[in-house]
Amino acid sequence: MASGVDEESKKLKLYSSWRSSCSCRVRIALNLKGLDYEYIPVNLLKGEQKSPEFLKLNPLGFVPVLVDGDIYLEEKYPQHPLLPQDLQRKAVNHQAANLVSSGIQCYQNLPIIGYIKEKLGPDEMLTWVQHHIQKGFAALEKLLGNYAGKYATGDEVFLADLFLAPQIDGAVKRFNIEMKEFPLLSKMNESYKEHPAFENAMPGKQPDAPPSESRN
């Protein structure tokens, strides 16, 4: 019994929200590395990320939060490395991940789109989000053009793919982006749909997804 309790205490804990693309990236990474974890849902619409208990974990009040000591995930669990050895491809992975996080996803965070929707209306909010997604996707098509294979920088999954998969999924399902303008990203998206580590991390597969979204 004591051994079981000890093992349970060592289990990774992921504070996550089903539709959060940032949370989805971590879920993919954990799946790729074959790591078991406890999923702890955080309801962003109810403001649970602002609770005193959650702010002790992350003072910024953002998801995800992975509880597993203070060691960087990639260094503690080196299986299935998230970056290639080739320096050029490693740099491209960093570039693509940064482009998604700072050039696309940040413009569709709940506080941002909520503010625009309140001030300008839902149509302007959608136009705002679509503009930034399309601009970012066009840049990614150019950036990855000389490197992409089945995935972003070849035929193996790396960091860039963890950022691209949830971003493309959200662009299509939430913001009605027409992907025919982005053939390279569309091809990669089909590969993501066939990979269990990605599919099992998608929003509709999470325990806190509403019934209308479940399994989508």
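Even glycines carry a Cβ here, placed using N, Cα and C.
Note that TrEMBL annotation is computational and uncurated.
Per TrEMBL, the features are:
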- 10-124: domain 'GST N-terminal' (DOMAIN)
- 86-211: domain 'GST C-terminal' (DOMAIN)
- 195-216: region 'Disordered' (REGION)
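Looking only at the domain 'GST N-terminal' (10-124), the predicted model's pLDDT averages out at 94. Secondary structure of the domain 'GST N-terminal' (10-124) per DSSP (helix as H, G, I; strand as E, B; remaining residues coil): 61 helix, 15 strand, 39 coil.
DSSP states for the region 'Disordered' (195-216), grouped as helix (H, G, I), strand (E, B) and coil, give 7 helix, 0 strand, 15 coil.
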